[in-house]
Amino acid sequence: MLEQFVYFSDLLGCIVFAISGVLVAGRLKMDPFGVVVLASVTAIGGGTIRDMVIGATPVFWIHDTTYLYVIFATAVISMISARKAHHLPSFLLPLLDAFGLALFTVIGAEKALSYELPAVVAVVMGVTTGVAGGMIRDLLAGQIPLVLQKEIYATASILGGLLYTGSIALGVNASWALGIAMIGTLSLRLAALKWHLSLPVFNLRR
Amino acid sequence: MLEQFVYFSDLLGCIVFAISGVLVAGRLKMDPFGVVVLASVTAIGGGTIRDMVIGATPVFWIHDTTYLYVIFATAVISMISARKAHHLPSFLLPLLDAFGLALFTVIGAEKALSYELPAVVAVVMGVTTGVAGGMIRDLLAGQIPLVLQKEIYATASILGGLLYTGSIALGVNASWALGIAMIGTLSLRLAALKWHLSLPVFNLRR
Amino acid sequence: MLEQFVYFSDLLGCIVFAISGVLVAGRLKMDPFGVVVLASVTAIGGGTIRDMVIGATPVFWIHDTTYLYVIFATAVISMISARKAHHLPSFLLPLLDAFGLALFTVIGAEKALSYELPAVVAVVMGVTTGVAGGMIRDLLAGQIPLVLQKEIYATASILGGLLYTGSIALGVNASWALGIAMIGTLSLRLAALKWHLSLPVFNLRR
């Protein structure tokens with residue numbers, strides 16, 4: 001039950017992250033191949049770096065090709081229907097994106113713990129899984145990754161990683177730890193979106 | 001025989017891709033180290049990512065250092081002779097580049113199949129081997145990767161990957177599959193160059 | 001003794017490289033997460049790529065989390081005290097950075113040799129360990145990596161790699177080889193800084 005919930009949520013997270021890649025590609029007038037590349041790196045880039053760093057190779061989407069098919073289908077459907085997207089309520093994508101961030105963070109931290117890596121590494125891997133894909137998307141789009149400059153986005157992922165690994169360390173069972181971490185990430189991220197919260201920037205510019 | 005043809009073609013592909021890195025470095029007035037770095041990432045960047053993702057480490061150019069020596073020699077000779085390059089017929093480099101793309105695609109797909117990975121992964125690895133090196137070159141040069149925006153380049157690589165894995169799946173032997181895939185990639189790429197074909201772009205710009 | 005010297009020098013190198021990441025982040029007005037990311041990729045990015053390429057996974061900072069804690073502490077302390085940095089003598093950071101470059105180069109080459117890889121690969125891994133982190137920092141900051149364009153920086157690292165692997169090949173013991181390589185890198189780098197030496201650029205710009 002929990003495993004199935006996590007698996008389908010993971011695919012849902014890939015869909016949402018892929019859509020954000022499609023939207024960036026569309027703003028840069030990329031061709032269909034560029035759209036698929038940006039959708040893919042956004043959706044599976046973070047998890048791919050995580051798996052390469054911890055040596056969990058072949059990486060996850062090679063074992064289970066469902067991820068690739070879901071991303072390709074998302075890219076195609078998004079390209080066809082993107083111009084009609086204004087019919088969707090505007091809060092839907094940010095909400096799903098926050099959900100994807102929360103889940104990817106937990107999945108990344110959980111994978112590190114399952115390899116018996118230290119808690120601090122688990123938090124780093126949670127954040128990597130959550131935000132690195134979006135950073136590669138921005139690099140390929142010629143932009144400084146947004147997540148480095150503003151919005152409480154990575155910070156929400158760090159909180160989720162700390163809550164998950166902390167809960168597991170305290171003996172909380174995995175389902176509860178997942179729930180606690182996701183609620184923490186989601187609350188902070190959605191609060192930041194609603195009230196336009198940012199951390200103060202570190203400014204050395206003259 | 002086939003193995004030797006593939007090996008020497010692979011080195012030839014590295015030479016051509018390295019030259020394209022040298023040319024980009026020269027336009028940015030890089031120093032000799034920068035030239036060697038751009039030559040190297042263009043020539044072996046795609047195969048390196050492929051090997052890290054599928055866990056074929058140490059990556060290929062660590063086992064066989066011929067690749068490194070060929071790239072260094074190409075970079076040095078290109079720097080010395082680049083200003084005389086206008087003596088070469090102008091179709092030579094694009095033709096060799098298309099040949100390199102076709103062969104790298106087949107080599108990448110073949111390596112994935114030799115690891116018993118699914119066909120869709122083999123196509124992805126073919127395209128990665130064929131185009132990722134050029135994408136890293138463009139990133140290091142401060143440009144949005146050209147291949148994401150126009151020209152039927154990656155598309156020709158996808159076609160080659162599909163033809164190769166499809167042929168193998170249908171029981172065609174490896175030499176024929178290689179020939180079919182290379183002819184497909186080369187034909188599409190050269191047709192795109194000759195008639196300036198592009199896929200329609202996906203444009204969300206306001 | 002030698003091992004302890006290398007270990008503490010390695011951490012010192014991480015601190016200096018992390019500070020250079022913090023300074024770049026500060027010039028771009030990044031938020032605290034961005035500062036930590038730039039500090040981290042600069043300090044451990046090169047060694048991470050080295051380990052992934054040679055298959056030494058999980059990568060080094062997963063085995064020994066001291067690196068992560070040292071980088072996080074450096075980032076926090078630097079953010080707090082950066083505005084007072086003008087009290088430091090201006091030669092201190094470039095001097096420590098040259099020291100970090102020299103040591104990272106030797107550590108990278110030594111790791112490759114300990115995996116019984118060929119000498120040319122050891123030189124490449126030395127340079128990768130020394131300069132790739134700074135290159136990723138520059139990419140994330142939206143800049144063409146400085147090291148590709150000017151300053152005898154990578155060249156000093158190449159010299160160190162050649163001296164180290166050459167000395168080892170000639171039967172010099174590891175301590176002496178380390179000393180010879182570090183003195184070579186440091187001398188060339190500091191001479192380049194003092195007399196503003198650069199290699200001639202390769203210019204194809206029209």
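Here the Cβ of each residue, glycine as well, is placed from N, Cα and C on the backbone.
Unlike curated entries, TrEMBL annotations are predicted automatically.
According to TrEMBL, the protein carries these features:
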- A:6-26: transmembrane segment (TRANSMEM)
- A:8-80: domain 'Glycine transporter' (DOMAIN)
- A:33-54: transmembrane segment (TRANSMEM)
- A:60-81: transmembrane segment (TRANSMEM)
- A:88-107: transmembrane segment (TRANSMEM)
- A:95-165: domain 'Glycine transporter' (DOMAIN)
- A:119-140: transmembrane segment (TRANSMEM)
Problem set entry | the domain 'Glycine transporter' (A:95-165), counted residue by residue under DSSP: helix, strand, coil | 57 helix, 0 strand, 14 coil
For this session: Work out, from DSSP, the number of helix, strand and coil residues along the domain 'Glycine transporter' (A:8-80).
Result: 62 helix, 1 strand, 10 coil
Problem set entry | For the transmembrane segment (A:119-140), sequence-distant contacts whose Cβ falls under 8 Å of one of its Cβ atoms, 6 or more beyond its ends | 17, 20-21, 24, 37-38, 41-47, 49-50, 53-54, 101, 104-113, 146-148, 153-154, 157-158, 160-162, 164-166, 169
Exercise. How does the model score the domain 'Glycine transporter' (A:8-80) in terms of mean pLDDT?
Worked result: 93
